[in-house]
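*Asks:* Quick one: structure below, then a few questions.
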Amino acid sequence: MQQSERILIVDDEIEITRTLEPALRAIGCRVRHRESGLEALKLIANEPMDCILLDLGLPDIDGIDVVRRIREWSVVPILVVTAREGIEAKIEALDAGADDYVNKPYDLRELLARLRVALRHNARRAAGGGGVATFDDLVIDFTQRSVTLRGQLVQLTHREYQLLKLMATHAGQIVTHKHILEGVWGGSQKSDAQAVRVLMGHLRQKIEQDPVRPKLLLTETGLGYRMQAAK
């Protein structure tokens, strides 16, 4: 994590903020805090942020609505940090545009690790991605549309490449079934979650050492998939 990253905490629980804010400042972050969704939206519109830590149970508007409004004009990373549990809540937040979802109570070390992943992804996006992404022995050249594994060219179908590209550009983040359907099939009603699972299985066969126990393309049960962040 670079020094002076600008982090916004949106949470009306004072005890949470009292613990989290000093931890962020201790690693060099500049921290702002707002207790309501509308206050947060006003601040974000006038002051650029590098990441937003957002609670869902806000006193004025639901945090999901905050995510949707931000996504109308910004790609800033949003980490939902909330006591709201259940797969459906996670899917709703991720489909609305959140980058990650952490339940309260959380381990501070895990939260900071997820924050680092989001910031790395944002930095790569701001830099234009550099054209090449490396994941251990797997190298993806977006400019040449080529994929090599341990120096050998991997032959992928168009949709397999589109899926790999989507996962790589969101490395370290959960990509929902809905996001994959929209990104690979264009949201076609002829495709569903089963089509995603089949395509993912084919891709794993080509790039995973053990497709049954994948280490790169991980399943997030009930949500979608996550590609291990590039090193």
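Cβ coordinates are placed from backbone N, Cα and C, and glycine is handled just like the others.
Unlike curated entries, TrEMBL annotations are predicted automatically.
Got these off TrEMBL a minute ago, pasting:
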DNA_BIND  130-229  DNA-binding region
DOMAIN    6-119  domain 'Response regulatory'
DOMAIN    130-229  domain 'OmpR/PhoB-type'
MOD_RES   Asp55  4-aspartylphosphate
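So where do these features actually land, and what's packed around them?
*Replies:* Helix, strand and coil counts under DSSP for the DNA-binding region (130-229) come to 38 helix, 25 strand, 37 coil.
Mean model confidence for the domain 'OmpR/PhoB-type' (130-229) is a pLDDT of 89.
On its own chain, Asp55 (4-aspartylphosphate) has Val10, Asp11, Asp12, Glu13, Ile16, Gly63, Val80, Val81, Thr82 as residues at least 6 apart in sequence with a Cβ closer than 8 Å to its own Cβ.
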